[in-house]
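Feature annotations, reproduced from TrEMBL:
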- 1-45: region 'Disordered' (REGION)
- 1-42: compositional bias 'Polar residues' (COMPBIAS)
- 28-416: domain 'Catalase core' (DOMAIN)
- R72, R112, F161, R358, Y362, R369: heme binding site (BINDING)
- H75: active site (ACT_SITE)
- N148: active site (ACT_SITE)
- 404-425: region 'Disordered' (REGION)
Amino acid sequence: MARKQATASTLPQGEGGETQQRADSTLTTNHGMPVSDNQNSLKAGARGPTLLEDFVLREKIFHFDHERIPERIVHARGTGAHGYFECTEAIPELSRASLFQKKGAQFPVFVRFSTVAGSKGSKDTPRDVRGFAVKFYTDEGNWDLVGNNIPVFFIQDAIKFPDLIHAVKPEADRGFPQAASAHDTFWDFISLMPESMHMVMWAMSDRALPRSLRMMEGFGVHTFRLVNAKGEATFVKFHWRPRLGVQSTLWDEAVKISGADPDYHRRDLYDAIKEGNFPEWDLGIQVFDEAFADAQPYDVLDATKLIPEEDVPLRIIGRMALDRWPDNFFAETEQVAFLPTNIVPGIDFSNDPLLQGRLFSYLDTQKSRLGTTNFHQIPVNAPKCPMHNFQRDGMMQTVVPKGRANYEPNSLDEAGEDGGPRASDQGFVSVARFEEPATEKRRVRAESFADHFSQARMFFASQTEVEQGHIIAALVFELSKVQLPHVRDRVLAQLRNIGEDVANRVADGLGAELPPAIAPAKPVLDLPVSDALSILKKEPVLAGRCLGILVTDGADGKLVEMLQGAAKEVGASVKIIAPKVGGVVLKGGKHLAADEKIDGAPSVLFDAVALVISAEGAQLLMGEKAALDFVSDAFAHCKAIGHSTGAKALLDKAGVAADKAVIALPDGVDTLVEHLSSREWSREKAVKLPV
Ligand code: HDE
């Protein structure tokens with residue numbers, strides 16, 4: 001293992017009194033012995049057997065044999081980055097948390113994004129919820145806001161979590177499908193758990209197919225509490241708002257991306273940070289009191305419910321930027337351990353029974369994943385403020401405590417010894433609260449948790465027609481993969497409670513009869529729509545998007561430059577795709593380097609495409625299936641297609657019909673760039689059977 005240090009290490013003096021110097025880059029064993037040969041094992045003769053004595057070989061292989069640790073039982077596949085949080089509006093009247101006290105104050109953070117169901121080696125773009133976990137290193141300890149990109153959850157009580165996860169993971173007897181909910185056991189469970197129906201609508205929506213981790217909202221999901229210096233508490237929900245806007249892919253696109261680039265999301269985040277385009281989110285809070293909570297038709301302690309922003313608007317109090325890629329994936333992203341129990345004075349839990357279960361699970365899982373109770377000493381997990389207590393020893397203890405004060409109370413200081421730390425009156429205090437009078441121990445679900453469908457109906461009603469179409473198509477797709485007819489029927493029966501139109505459209509897409517409805521536990525309400533729940537009703541943002549320019553020999557270099565300039569102006573990037581990765585010779589003889597070869601960069605990887613090709617180039621590409629797919633997929637995925645006159649024959653062969661997002665260049669350079677974050681949805685009807 002190479003040791004890298006700032007200076008040559010000075011070793012103890014030898015017998016003769018001379019100080020030995022060792023070069024910084026000397027390869028050594030784990031115990032510091034310099035290694036002379038890292039290519040050959042120790043053998044009895046050049047062709048003889050390898051000797052057991054070869055401790056250098058044995059140490060290296062021993063370490064290698066144990067390089068893998070158990071992956072996370074959920075959220076195994078993820079990627080992370082360092083950054084900082086800045087308070088943009090102080091809220092001392094609401095919370096005494098140090099990170100909300102001073103406008104402009106900054107604190108380091110580490111963020112890990114993840115998929116939920118797939119293994120560590122699965123793909124980045126399955127239909128799935130995304131984890132959005134933030135560790136704030138504050139001067140009063142670490143606060144972990146371990147959230148998702150969807151504001152509600154499948155279940156109300158932690159006791160159902162292992163069942164939910166068993167049902168969605170690969171089926172127990174066959175070990176598949178990987179990273180997919182489209183199978184019997186998931187839908188079997190879901191159809192028997194009406195409380196999951198709200199989250200199912202989100203999971204079937206475009207929210208589960210994010211275009212980029214940089215373009216996702218994040219939610220703390222549960223109701224938490226903020227507590228001020230006087231001990232007064234309010235309820236709060238936490239939201240992350242991406243400054244690049246919210247954007248998703250289409251299902252067909254996500255499927256193809258996972259083949260073309262299984263690392264699509266992590267590469268996108270890596271590239272953005274390396275290029276200095278640091279992704280940012282605003283931290284918003286919804287603050288409300290008990291009186292508001294009591295007046296709602298749902299229970300704020302029920303994690304299958306959200307609080308519409310129309311009822312409690314977001315108040316933006318901070319911003320987060322991710323500006324540093326980790327030095328080492330394993331040491332940081334893999335070993336980071338998030339704990340919902342990591343809160344700081346000024347923030348507190350609520351009685352949400354899902355949250356309460358999480359307060360046990362995360363500490364417990366770290367012991368099995370990271371192998372020791374001392375996982376908090378791993379640099380990415382360690383607080384950046386002083387930490388003292390009397391917890392001692394354990395596997396992989398790296399701290400060397402001094403003295404003998406490992407218990408408390410003690411009076412060792414009276415004898416002049418260090419007596420160790422003492423509890424502080426500024427320390428964390430749980431909110432004092434009277435629980436329900438006449439409390440008895442019971443395994444029950446509160447009556448106020450019983451409405452499972454009203455918000456699911458509200459979510460669907462709040463979507464645009466296009467988004468509703470995607471939800472129906474996703475339900476039809478997933479249920480078409482379900483092989484047990486009675487499970488399909490039961491899902492349809494549940495869907496009738498969300499809306500007869502929803503159930504009818506899905507039944508029609510399946511070619512199935514509509515079964516009788518399953519009576520809901522409570523009458524389903526028609527709640528007002530909430531525009532904040534739709535992606536397509538949000539303002540599109542152009543920054544952070546990517547234009548793919550397909551070029552051939554003889555292409556117009558000026559036009560390529562115009563496109564590059566226009567994209568740069570709005571903060572978008574450009575990739576050049578050519579028949580050969582060596583690039584092309586432009587009209588006029590100049591060489592243009594390419595980023596990608598055509599079959600390595602299908603149009604699903606870009607937000608819009610431009611075909612800057614000569615007539616001869618078009619003829620050449622018509623014989624290349626990858627080029628035809630590049631164009632026809634861009635069209636089918638409703639993306640803007642800019643084209644030079646020479647591209648006409650290729651467009652025709654790929655089946656592109658004229659519409660306002662098929663844009664002639666060079667006149668339409670700006671129009672093309674303006675289309676980078678919107679789609680020409682009218683095409684959907686032309687390329688897909690209606691559902
Ligand atoms: Fe988690 N969850 N979860 N979860 N969760 C884990 O902890 C668990 C839930 C979330 O990037 C595990 O360290 C239970 C809701 C994220 O490292 C585990 C319940 C939300 C991550 C665990 C839930 C989440 C995890 C696995 C129901 C959104 C990845 C590895 C009571 C608010 C964190 C680990 C990372 C990870 C348990 C439900 C988000 C097993 C028991 C709700 C983002 O402890």
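Here the Cβ of each residue, glycine as well, is placed from N, Cα and C on the backbone.
Remember, it's a predicted structure, so these values are computed and weren't measured experimentally.
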Annotated heme contacts R72, R112, F161, R358, Y362, R369, maximal Cα-Cα distance (Å, integer): 21
F161 (heme binding site) - helix vs strand vs coil (DSSP): helix
Model confidence over the domain 'Catalase core' (28-416) (mean pLDDT, whole number): 97
Summary of DSSP states over the region 'Disordered' (404-425), given as helix, strand and coil counts: 4 helix, 0 strand, 18 coil
Three-class DSSP secondary structure - R112 (heme binding site): strand
Per DSSP, three-state class assigned to N148 (active site): strand
Pairwise Cα distance for N148 (active site)/H75 (active site) [Å, integer]: 10
Neighbouring C-beta atoms (10 Å sphere around the C-beta of R358 (heme binding site)): 21
Rounded Cα separation (Å) that holds between Y362 (heme binding site) and H75 (active site): 12
Reduced DSSP assignment, Y362 (heme binding site): helix
Residues satisfying Cβ distance under 8 Å from R369 (heme binding site), sequence separation of at least 6: I69, P70, E71, R72, A337
Rounded Cα separation (Å) that holds between R358 (heme binding site) and H75 (active site): 14
Spatial separation of H75 (active site) from F161 (heme binding site) - C-alpha basis, Å: 13
Separation of alpha carbons, H75 (active site) and R112 (heme binding site) (Å): 10
Cβ packing number for F161 (heme binding site), 10 Å threshold: 17
Site with most surrounding Cβ atoms, counting all protein chains shown within 10 Å, from the recorded positions H75, Y362: H75
